[in-house]
């Protein structure tokens with residue numbers, strides 16, 4: 001009886017035990033190579049598979065010898081290799097690779113620890129069982145089979161096996177007996193098995209599927225398992241473990257019983273489940289229950305299994321976790337999906353980077369793609385009881401962190417970052433399943449995915465009100481989806497594909513409006529005291545996550561969850577107004593939708609879990625500076641900008657614009673917005689005086705028990721206190737400088753023109769009006785504030801995502817003055833132009849975008865003319881500047897920075 005290697009059995013025999021024809025084997029061996037592109041580059045798997053398939057085909061024709069032609073061709077090829085490689089140094093091949101290199105399919109030097117594990121900080125070990133290549137000896141196989149036959153028998157068969165063998169219709173198949181013999185083989189004999197299927201004829205497909213038994217996979221070793229397409233088995237795991245799944249399978253598969261899925265049943269004894277797939281340095285992976293959360297990439301068309309939605313993720317309970325195997329257990333749901341992308345330790349580092357602050361005095365995200373903190377750091381990084389998160393949100397956070405991380409895994413080779421980021425992006429989108437959001441837990445139909453198609457509406461998406469699906473009882477899962485959209489949209493907006501980012505922003509705004517994030521949730525049935533217990537609710541995961549497991553609308557919502565909803569809405573509210581200016585579009589989220597929503601709380605209090613009483617907090621869109629974070633100083637400016645954008649849209653209206661511009665309401669509108677800007681300017685001065693004076697007092701007399709100190713060490717010296725106070729003072733002045741600059745730009749937008757071409761052409765002689773002089777004074781004031789910004793933040797890393805458009809719009813008037821006045825320009829205008837050029841150069845270094853590079857060249861050309869260096873082709877220079885600026889239009893049909 002001929003034998004084959006274990007790899008051939010796993011690929012060609014395991015999934016077709018009822019096939020014995022050579023053509024069927026060849027077609028199957030070809031189909032198994034479809035997924036080879038997912039292996040690491042440079043893998044030897046393809047060569048081994050090709051050689052094994054040839055040996056397997058030859059052994060079927062003649063088990064005692066190989067054809068002479070094949071032997072001759074192989075000998076000739078080997079001799080040619082020896083001839084060509086005689087001059088090259090001999091490369092010694094290691095006997096075995098470490099477990100990490102074997103799993104990641106990377107080259108290993110065989111040392112302990114190896115160079116690869118040392119470079120990336122992985123745990124290097126050689127715990128895998130040693131295997132021998134080639135066929136096992138017939139003596140060993142015969143001895144193992146005799147021992148198995150002596151120990152086995154009908155008495156040792158499981159009740160399921162006896163029932164299968166006695167079923168009417170002769171459903172017994174030799175594959176069952178072969179798998180039973182294999183399960184009793186010793187470990188060293190698993191590398192080769194009997195190919196008993198070759199002697200049997202092929203039964204009909206239906207009966208073969210009915211008789212198919214997967215127990216012979218349960219004893220496969222790790223090297224054999226690596227060749228199985230695990231993604232094709234995930235849907236079976238969902239079907240087997242989900243209690244809401246239909247009891248009857250599709251037609252033709254009704255003969256499957258419980259033992260059929262014994263590979264995926266972690267509760268069955270003596271069964272090797274998917275937990276045996278090792279992730280990182282974990283010895284016992286508790287995340288295998290999440291392997292079925294992602295729909296299979298190539299699922300068969302005859303198995304219409306329901307795909308799980310992100311709202312169903314919390315229904316999988318977290319397994320007990322050892323604190324030594326994973327630094328942040330919050331990553332458990334996403335670990336199975338990223339195991340082949342990044343190491344476990346790097347995933348923890350990227351999550352750390354997401355929450356890293358660039359300042360030790362006040363929270364300020366270090367990543368340019370984290371525009372504001374929506375979640376509490378302690379809730380995510382809790383060592384034992386973290387916040388329950390959807391895998392899509394976690395993948396997007398890792399993707400954001402990977403954009404700027406300096407980890408060696410992402411910087412060597414140079415193409416590594418792009419490859420990893422692309423895989424994380426695809427994973428995030430796949431886990432998010434855009435525009436399809438599942439119903440509440442306990443209310444989902446077993447064939448939910450099929451109903452979405454049959455009924456013709458996107459249930460749980462944008463076709464049905466979320467209230468009808470009980471979304472408020474699972475608000476956290478839906479909030480995770482909105483936050484994932486925000487991460488995707490933010491990174492795309494900062495790239496050169498700004499127009500494409502509007503798809504993600506629109507999805508985030510629409511879902512936030514459906515979830516009614518702009519409204520306060522009703523109070524809980526048994527509301528706790530405003531003080532006391534609520535302070536500790538943020539650190540009690542059972543309270544924090546209890547809304548994920550309820551099936552009705554009476555589930556209590558913790559104060560942390562309420563604040564997450566508020567902060568997410570206000571972040572979307574601010575970006576809506578910011579992007580309306582960037583892309584010359586009307587507003588999406590209205591002030592009326594959030595007129596009764598509490599304003600976001602102070603970031604330091606938020607991260608510390610100190611939730612103030614709701615009765616002492618303001619509601620509605622703010623217009624005054626209240627803090628150091630984006631919600632404190634930038635959100636009020638965006639509230640005022642929303643009114644300016646509405647005014648500009650009315651001015652540019654194709655039918656009513658002329659009437660509005662000549663009517664009496666325009667002046668009243670401008671006066672109301674001017675009063676709001678004046679109020680913000682006064683609040684900015686009060687904010688600076690209040691914080692700097694209090695910090696000066698704190699420097700002279702350090703507090704004995706500081707209430708908020710999220711980054712300080714346990715022991716504090718006077719020098720440490722002094723440095724922290726100085727840093728806090730600088731941080732406050734930097735916030736004031738940014739707020740002052742944007743405030744002056746809003747004055748310019750209120751009084752002036754937005755489009756640079758209309759500004760330079762000046763057909764209506766606006767340059768000689770009083771409003772131009774007022775706007776010009778604010779443009780110079782914005783440039784002076786930009787000089788202060790460069791002093792406190794030389795690389796403009798404090799808010800690079802938002803700052804670029806305000807720097808650009810505040811520079812158009814200076815460009816006009818330089819273009820018209822040339823050598824007669826006021827010295828203050830010249831200094832302002834020089835400051836703008838420096839600021840754009842810093843912006844290009846921090847967050848490089850095309851419009852900033854373009855405008856820097858335009859301003860340099862105009863500044864050279866102001867200094868008296870007028871070129872011979874002066875007219876051509878002016879025309880070239882206008883051609884460049886014509887790409888970015890803020891006219892009625894212009895798209896601003898979004899190039900089409």
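Keep in mind that glycine also has a Cβ here, set from the backbone N, Cα and C atoms.
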Region 'Disordered' according to Swiss-Prot, located in which of 480-519, 520-559, 560-599: 520-559
Swiss-Prot annotation of region 'Disordered' - which of the ranges 657-678, 679-700, 701-722 it falls on: 701-722
Range annotated as region 'Disordered' in Swiss-Prot, from 137-169, 170-202, 203-235: 137-169
Matching range for Swiss-Prot feature annotation, region 'Disordered', among 30-52, 53-75, 76-98: 53-75
Overall pLDDT for the DNA-binding region (98-124), taken as the rounded mean: 86
Composition by DSSP (helix, strand, coil) of residues within the DNA-binding region (98-124): 12 helix, 0 strand, 15 coil
